[in-house]
Amino acid sequence: MSKKIVAVTACIAGIAHTYMAAQNLKKYAKKEGYDIKVETQGAMGMENRLAQDEIDAADVVIFAVDTVVAEPDRFEGKPVLKVGTSEVVKDGKAAIDQAIALVN
Amino acid sequence: MSEKLSGFISANNVVLDLDAKDREDAIRQLAEILQKNGNVSNAAAFCQDVLEREAMTTTGIGNNIAIPHGKSAAVTETTMMFAKTTTPLEWQSLDGSKVNIIFLMAVAPQAKGNAHLKMLANLSGRLMDDDFVAAIKQAQTVEAVLKIIKK
């Protein structure tokens, strides 16, 4: 079974990087054959909110954030890769690879 | 989405020959156009807010593209400007590339849940799509740019 990733993206202004990082994670997860679901915490609030069972079922969590994650308790006990949104915008593949490396 | 987009961006939001000497000059010139278009009440104040955001981390996202943006009290209607510059500008980009394509995003303070904000979010996501970026780079006319952005 392919590895499951859940991710949260959030930047300071919540206008652009939150959504670029989300797309880039999806793009490279898909390219490498992983399941991914991404929750955005931007200027429009929380979107595509991760359900607790989705989080529980995930192998690894990526926080691509420049600020704090809202409702972090949901992720307690999960392996988390924390990166900045710019890093993910620059190199989405590296973020996915690093996350998978945490649990392989 | 296309229905709302047609009101969101028009030929007034596209500049294909921006002659700017540096990043700040480019943002200032585009802010002035937004003021002329009626989306910004005070170009200087908006420019200041965008530069403050710029000072935190670069908005040069690589691939010769920059997306300066700001949530500002000087913005009366959430919108954007698209520009191609006549000369590449230094922008401390993530990949070190100089910038000749600018998406300047202007967001009003109370824009939460706003349809235009949603479009800026969608547009941001599409910047990660290699086909979208290639099409934008190739576009040589205002009509072509609008068609790609509205697609």
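Positions of Cβ are set from backbone N, Cα and C atoms, glycine also.
Where the annotation comes from TrEMBL, it is an automatic prediction and has not been curated.
With DSSP classes pooled into helix, strand and coil, the tally for the domain 'PTS EIIA type-2' (B:7-151) is 64 helix, 35 strand, 46 coil. The annotation domain 'PTS EIIA type-2' is assigned in TrEMBL to B:7-151.
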Note = Model confidence for the domain 'PTS EIIA type-2' (B:7-151), as mean pLDDT, reads 94
